[in-house]
Structure formats: C-alpha cells, structure tokens
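For 1-21, the entry in TrEMBL reads signal peptide. Residues or ranges marked as domain 'Ig-like' by TrEMBL: 40-131, 148-223, 241-326, 331-413, 419-506, 511-597. Sequence annotations record features per position, and here TrEMBL assigns domain 'Fibronectin type-III' to 604-703, 708-805, 810-903.
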Amino acid sequence: MLHLTVLLLFLLSLTFPSTDASVFGGEPGFYGDDATGYGPVFEDQPVETIYPEESPEAKITMSCRARANPPATYQWRLNSRSIDLDGDNHYTQVGGDLVISNPIKNKHVGNYSCVATNDYGTVVSREAGVRFGYLDFFSSEEREAVHVKEGQGAVLLCAPPPHYPHELSFRWILNEFPIFITLDKRRFVSQTTGNLYISKVDLSDSGNYSCFVSSASIAKSVFSKFIPLVPLTERPIRKYPADIKVKFPDTYALVGQNVTMECFALGNPIPQIRWKKMNGELPSNHDVSMAGAHLHLYNVQYEDEGTYECEALNSKGKDWHRARVSVEAFPEWTESINSTEKDISSDYTMSCVASGKPKPHVQWLKNSYHYPLSSQASGWQLLFSALTFKDSGMYQCIAENRHGVIYANAELRVIACAPTFEHNPVKWRILGAKNGRVVIECKPKAAPKPSFSWSKGTELLFNSTRVLIWEDGSLEILNVTEADEGRYTCFAENNRGKANSTGSLSITEATKITLAPSNADVTVGESTHMQCAASHDSTLDITFVWTLDAHSIDFDREGSHYERVGDLTNTQLKHSGRYTCTAQTPVDNVTASANLVVRGPPGSPGGVRVEEIRDKSVRLIWSRGTDNHSPISKYTIQCRDSFSQEDWRDATTSPPDVEGNAESATVVDLFPWTEYEFRVIATNTLGTGDPSSPSPKVTTLEAVPVVAPSDIGGGGGTSRELTITWTPVQPQYYYGRNFGYIIAFKPRDGYEWRKVTVADPGAKHYVHKDPSILASTEFEVKVKAFNSKGEGPYSLMAVIYSAQDVPSKAPTSVGARALSATEAIVWWLPVTQHTVEGYQVRYWRKAEDSETSSQRVVVSSRENQTRLDNMRPDSHYLIEVKAYNAAGYGPPSQHLQIYTKKAPPSRPPKIISKKLKGTSVNIAWEHVEPLANESTIDGYKVGTVLQMHGSL
C-alpha cells in the first residue's frame, strides 16, 4: 500500500510539475476526475415549532438531514451560538436531528439552526424558532349580567385569557355545552377580539352566554363563566340607525395570502353591510360571507392594495368605516446560485437576486460563516478574479426582509486538469452537405482553458476565408465540397498537459426544395392547399416540418383543420400567417414559405373606457380591433347596469349609427345615479365579431326623480289614524342618494295640504295619528319621491277614509250552556252599530287560568252564537264577548259563569254472560259505579260487531 501511494504521487508530480504542494493539504482543490464527491445539500431542515406547555410528550425534535459525499457531520446552534451537547443533558443528537428532552421554557426557547459539514464545505440551515404554546383558563370570577332594551344592540365581551400563539378561534355557548349560537345577519362573533355582537336584541336572546376559545396550535379549548343577557321589554320598540362596532384595521397582506376583513354594525332594523374599494372595483378574487360581515380577499396581489370601505345601512341611517390594505411580499428568488466547476485562474461572478416588499437585503456565507464584503463583493454579486483553490467551498446567499428569510446554496469547485477527450471525443463520423457549412466540435475537459489547433490528415489548418477555428475549439468550414472529405484532428494543450481526438468528414448531396407552397387568400370556413416537395441525398432520410409564424404545427392536435398532404380545411382566423415548409435531413435543411390570408368578422375592440359622465349620457372611447382583412362597417354599443348584471342590451347612441371608422360614441337615455359597464362589438361584411372586455364600472350623475309612487290607497287602522299606502318606486328610478317620499293629504273639503316626509326608500305605508281626526272621514292623498337633487312629480290623487271608531257598545243578553265535559255553546244579542265586523269570545277557568292566557274564538258579524271546545271537565269558566272592527275591540260584555260537565265514566262495563237464541242475544253485565269526579250514569249503549267466516 505504501508503494502504491508513492507511485501515485510520483506520477502526479510528473504530470503537473508546477502544482503547488498546498493543494494536497486542507484547501479543497480538485484535479481531473479525482473529485467524485460533493458538498452537503439539505434534504430536511428544522421548522418552526410550538411546544404545548401541557404536552404529554416531554420532548422536541428538530429535524436536519443533508445529502453529501462523504457523509456530513452535524452541529446545532441556538441563537447563532454553538450548542454544547455535553454541557446540557437535555440535548441529544440522533443522526442529524436534535432532540430536546424535558424542555424548559426560559432555557430552550430561541432560534435553532443546523450546520452540515464534509470535506467540501459547510452549509447552515434556515433558522427555526422553538416557542412554548399555552392557553390559560378564564378567570373564575362571576361575570356581570348585561341588561339591554329590546331592539337595542348588545356587545358581550370575551376578554380571552393569556395565550401563545396569538391565533385563536372563537365561538359562543348558549346556556349549556355544546349548544353553540348560530351566526346570522343579526349575530356576529369577531375572530379578532372574540366579542359577540347582536345588532338588535330580541326577547328570544335571553339566556346565559359563554365565550368558547380554541387554540389549534396546541389543541386546547377553554370557556368563560356564563354571562347572563337580560332583554328588557319596551313598547313600542324603538328603532336605531346603523352603528359600526366591528372595524377592520389598516392591514398588511402578503402576496399570495388570503385576507379577511371584519365589519359589523348594531341597529334596528338590522343593518345591511356593503363593501367597496375606493377608486376601483372589488378584486375578482373576493368573496363576502357571514351576511356581509366578512370580506375575503383570496390569493392577494399587488393590485389589490388600496383603501376599502364598509358601509352599514338601515332605514334610520348609515355608518361607514375605511381602512387601508397594504400588500407586501415575502422574499422570492428571481435569480439564484447553482453549484458549478470553474477553471483555476479564471474569473467568475456568483449572482443571486431576490424580489420582495420591502426590498430584501442580502448577505453571503461561505462554509457557514459571513463572507467579508470586500472589493470582491457587490450587493447581489460575488466577483472572483483569478480563482484559486482557496475559493472552493459551500456558498450561501441569504435574502431577508421583515416578512421572512430565504436561502440559496451552491458549491463552487475550482478545478485543474490536463486536457482529456475521455468523456467527449470528437465525433468519429461527420456528415456535411455539398456547398453547405460544417462545424466540427472540440470540447475536451481541461483546466485551465487549453489552446486549440486542427489538422486535416497531416496538414495543419489555419484560419482563412473558408476555415475558422473558434475560441471554444470548434472547427468551421464553409462551402464544403468533396475535396474537403478526410480525417480531422483537434489538438488541445494547457500547462497541465495535452491531448487530441480525430473524426472523419463525409460530403453528401444538398437538399433542395422542388415544389414550394404558394400564397393563398380565403374566407373563414373555406379550405386551401399548400404543397411542398424536395430532392435530397439518397443515403439520408428526409422529413418535412411545417410551422405557422415560427411555431410548429401539431398535426395530431389540429387534425380537424390540417392534413399532412397539405390540405387546410375549415380555416379559422387563427390560421392566418406565414407558413414555412422545412425539408430536413440529418445533414442539412432548406425552407420555403408562403402567406395565408384568412378573412373573417372583426376582432374585439380594446381599451374601452368612459369619459364625460353625465346624468343620462356618457362618452365611450375604444381602440380599433383587427379588421381581419375586411373593413369594419359599424359598431354596436351594449350596456348593462347594476340591476341586471347578467343581461347585456343594445344601448342608444347619438348619432344612432356608429360608423366603422369611429373610435368613440355618446351613449344616451341612461338612468341617472346608476352603475353601468359598457362593451363594444364590431361588424364587417363577413359578420359580427366578439364583444370587447367590459369597461370599468361607472356611475351616472344624480338627477331629480321623475317617477312617482303608484297604487295610492289606504284607510282602516286604529281609531284616530289615517293610513296611507303606495307601491314603492323601483331602485333604478331613485336617480340619487337620500331617496324618500313626501306624502300630502287633506280632508276632502279642506284647502290646505299637510305634508310629511318618509326617508325610507322601501317604505310602503305611512300612518298619521291625530286625536282630532274624525272616524271615517274622507281624505285626498298624493305621494311624490325626492332625493338629494330635488323633488319629483306627485302621483295621481286618491280618496281614502280615516279609521273607524272601535265599537262603543258591548253585546248584551249573553248566555251559555255546557254541552259536555269539554264543549259549551254561547249566544248573545248583536250590537246594532253598522261598523261591527265581528265578535271575539274569550273563555278561561276562573281559578286555574289567568285572563291573559284565555282561549279565543272569532266569528263574523252575521253570527250571534258559537261553540267553545277544548274545555276542561268539571271546571268553572268565565266567558266574555266583544264586538270588533278594523279600529280595534269594543268594550266586553259582563262576565258569564258556567260549569262544564263532569267527565264520563272511564271504566267500561264488565260482561258477565252472553246467550244466543236464534236471531237474538241475551247479554248481562255488571253495573259501573262512577268515580267521584265522573258524571252519574244515565244509561248504557249496546253495540254489535258482525264477523264473517268462510273459505274459498
């Protein structure tokens, strides 16, 4: 073995007499093919770890594994300081993994990194944090009850206990676990604070509430002490304007992430939530959920940045909130470093470029240590001049901004070796086409770069007008003939040695196009034919390749249009262009081209935008699309509004016909204060093209309303009221913000109109209360609309009547009689007033029931008696009768008392004998004694059941 080693060193010294001896020491230098290993490449790196403080598994494992030859050794760092495995018995290393047993919070929290090393260099992994996760229990103190009036909003505070990490999910329990409240447009739970918001409290909300908090990271949930919610009855229930209580803050979002914004308002009626982006449209990747309380932006991009507004609206008023979404980005490589071999003494630039927002800053590592940024380093680049073996090693480029860190790893290997053609000799047989160009490659492995020379046979070649030796060693010969056939040898030499390789050149007949394709002009749907033929050397195979505008034609995919024989059927606009036929052999190729013009309907116009926006018109501008070889004759303008999102309709323009040379038009007869989008369609003599992309949405200016409410009517109601009804104006006719109604009314014989304003655009009626209004008085009424720009015309006038008075008399001569244990009949003398519409009979048990829980029967004014059912046996009942009409109930009659009968016997008679005599039966039974609460027996009823027996 010793002799072998000495011999190897001797041979090396003979081959490379000038090599510095230090190369064989600790510096990683490489000679020829001796360097078969490689530096560490990470396959598994540590990841961010949250260790639950209550975890039953008392250990943390940080993973690290690298591919390397020879295998890597590993070391770990905590907060950039090496970990002494012998000095802390909590640490053990298994392979490359670090195991922390019985971790201690104030000792083992921090940022860990793994260092992998072998003979070729060292790399350090990304840093990964170890944090301890916890979720404390809620305080055991009782929570105070929340008292709120019916119709008002309520907020129940969650106040989650101390916890880590910060991400929690929230739900609320009602009365007992696991009954969770259902969220809807009236109830909302903020996933930011955990608070429960109820926009309008109902009596049904009464109960005990508990905040249920979950941490997915540590798989733990806790819930608070119950909070009693006590709604207070208030009549009438007051209404309150929308008041936003959940407001999303200014938010930073990362490109590619999803963002959720919260907005919720209290108010009665329940407010409607609307979202919009200021100075633009909501992104196409948005979604609204939770009855409008959540706005989701998915896969956020830079163009989604901006100010977003949440508007809460009800009939009493509106509120709004705005905040900004700023979009930034995690670092991402746009140019990275790769492992490479470079010749000794050569120059080299190592570059890495990262995008991100904020712009990342860069640092370099060599073998896990910071690389000094001297004159060799320039920000994103490391510049090497005259590489030495000391420059070999593992390099890492690290880009970092406030959102994260990325690593790029590469091995730089500086090599030195004599030229060798072992793996890449000169091609042994080279073919060249007569009168063509031949390039014979010469690419030996060598470091430093060798010098090159060529010979043909024994003749040394030099650069001339036909022969050129390239810098990379390749030999180029122009206009070759049969005289150029022969053996060619490439010689390569550097300061480490020299080598050569030989190949043979043969000359073949050149390929020539004999039938070229011709120009053609067709209409969409027609067919055409393109031919191509060529002559070639008979010893070679030939193939034909067709391209359209330099793109290869896929005959398998386009088989419905193209045939290999040259036919093109059912032509489409996309088939227009320059067709090239290439005839190619293994030696050469020739081409011939022809143009195909396909005429058809025009393409879609582009750049549609809106200018000069008025209340009923806009000016539309666009850019001409392709005419597809047939002049555009006219344009059609289409529009759709926010009330018919799916329906495009032809718009009215001025002038009515838009000529084919136009690039703008005025659209008229639009609705004021309406959101529109427009598109343009071009037409020529061959047909109508596809529509343009829709324009950005615009809203026409406001105008005074011109449509009045319809179906004016009313009447009825309670005493001293005038009820006016109408059919509301459709939203497209609002023509402006702050839309509402003005109601005018006066007695038929009066002169002065009284006017009131209703601010709710969806209102359908108005009730005017006035103690001085006489019953059944004739009134004239009319209604008109208004908005922020002014008042519209009145509707047609209608005649209605004020409410009647309630009946003033009570029914008399009220009588009643029990029919059974559960039924009775009651009668009375009718009230003689003509306004009576019917009667209500109430009945209840005197001792057991309250008057408010009485049973009721309603009959028309034509009736003066009714049956009462579902009564209790043997009970003392009170009965009263009232007359009623649309204005309400009149005074009750005097209370009438009756007793229902006792219940019938509950036990059946026992039959003691049965005797059949001819057609008669004698039956005997025992007498039944009624119980104390049962009625006396008046007699017995005998029934028979006939049974038939027989067979088929």
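Using N, Cα and C of the backbone, Cβ positions are placed for all residues, glycine too.
Across the domain 'Ig-like' (511-597), DSSP classifies residues as 3 helix, 41 strand, 43 coil. Remark: secondary structure over the domain 'Fibronectin type-III' (810-903) totals 3 helix, 51 strand, 40 coil, with classes taken from DSSP. For the domain 'Ig-like' (148-223), residue counts in helix, strand and coil come to 3 helix, 33 strand, 40 coil, using DSSP. Note: the domain 'Fibronectin type-III' (708-805) comprises 3 helix, 49 strand, 46 coil (DSSP; helix = H, G, I, strand = E, B).
Residues in the domain 'Ig-like' (419-506) partition by DSSP class (helix H, G, I; strand E, B; coil) as 3 helix, 47 strand, 38 coil.
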